[in-house]
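What Swiss-Prot records for 15, 37, 42, 68, 82, 83, 121, 122, 123, 146 is NAD(+) binding site. Marked as substrate binding site by Swiss-Prot: 85, 91, 123, 124, 125, 126, 151, 152, 153, 154, 231. Look at Swiss-Prot and you will find 156, 171 tagged as beta-D-fructose 1,6-bisphosphate binding site. Positions annotated as active site, proton acceptor by Swiss-Prot: 178. Annotated phosphotyrosine per Swiss-Prot: 222, in sequence order, evidence recorded as sequence analysis.
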């Protein structure tokens, strides 16, 4: 008998429901999706709405409202619950409030007997991923955050628009905090087989343009929040990408929130931060400790140190 893959989603807000929708229409290998939320009517409504579209799907998926007991035999628990950014707030402003929420959620999930993989999308995601690891006492490779996957997708979109190519032909990453201290790996960026440094040397793009592009990545969430109140479609797709990489054992490289403990120059230890990593059925197979330029390494140090300063203030 074939194994039935089961995912539990904790949080039926904009991000959670966008992920649930993306997963449902993706024809993935997930067979069962359980949705949990304190706002039970909201969660039940999302379940009903998704189920009413089953006729239009290539493959039906069992979707139900549930509780933490349903986590006991789940392969993956996705957490999107928590307070969202308000206009004018940074992601780091949410640390104290969401840490309290996560303590209750994570301990409830673990109490069910869950032994699968956590995927965290709540902000500030790098810190909430660390909080999940601490409260669950899970191995670090079994706790994953969405990290800078969304930031990287935004960057590749902007680069693709600028160079008039498909996003699949852009090879570049945003690393560091999913937030204001992130940085672009310009020195390693390629458009298909051609390095960005070659375009700069030829005068086909300028450093000023690239700086503006990174500012647009950093400010994207603030702009979307100002216009529509929250971001959820793109991150919903990002979570789905991570979940499918785990379920399908893809060995896919994504800039997720990974546990760093001495990589990239041994300058900061014991944090989660956005770094390209191999995602497989066991979670994080490997954090890719590849060489980045000195100027980018300095930005990574600054970003990591900022996250570490917040983590050190949390009492576990």
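Here the Cβ of each residue, glycine as well, is placed from N, Cα and C on the backbone.
Projection of Swiss-Prot feature records onto the structure.
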residue	record	DSSP (3 states)
42	NAD(+) binding site	helix
85	substrate binding site	coil
123	NAD(+) binding site	coil
151	substrate binding site	helix
156	beta-D-fructose 1,6-bisphosphate binding site	helix
171	beta-D-fructose 1,6-bisphosphate binding site	strand
178	active site, proton acceptor	coil
222	phosphotyrosine	helix
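If you take the C-beta of residue 125 (substrate binding site) and look for same-chain residues 6 or more apart in sequence within under 8 angstroms, you find 91, 145, 146, 147, 178, 257. Taken residue by residue with DSSP, residue 231 (substrate binding site) is part of neither helix nor strand, so it is coil. When the Cα of residue 121 (NAD(+) binding site) is compared against those of the binding-site residues 153, 171, 231, the shortest separation belongs to 231. Sorted by the number of other CB atoms within 10 A, the binding-site residues 15, 121 start with 15, the lowest. Between the C-alpha atoms of residue 85 (substrate binding site) and residue 156 (beta-D-fructose 1,6-bisphosphate binding site), the distance comes to 24 Å. When the record's NAD(+)-binding residues 15, 37, 42, 68, 82, 83, 121, 122, 123, 146 are compared pairwise by CA position, the greatest distance found is 24 Å. Farthest C-alpha pair in the substrate-binding residues 85, 91, 123, 124, 125, 126, 151, 152, 153, 154, 231: 20 Å apart.
Of 42, 123, 156, all annotated as binding-site residues, the residue with the shortest Cα distance to the residue listed as 'phosphotyrosine' is 123. Taking Cβ-Cβ distances under 8 Å and a sequence separation of 6 or more, the neighbours of residue 151 (substrate binding site) in its chain are 174, 178, 182, 217, 218, 255, 274.
Comparing the recorded positions 42, 156, 171, 178 by how many other C-beta atoms lie within 10 angstroms of each C-beta, the top residue is 178.
Considering only the binding-site residues 153, 156, 171, 231, the residues lying within 10 A of residue 15 (NAD(+) binding site) on a C-alpha to C-alpha basis are 231. Sorted by the number of other CB atoms within 10 A, the binding-site residues 85, 123, 153, 231 start with 85, the lowest.
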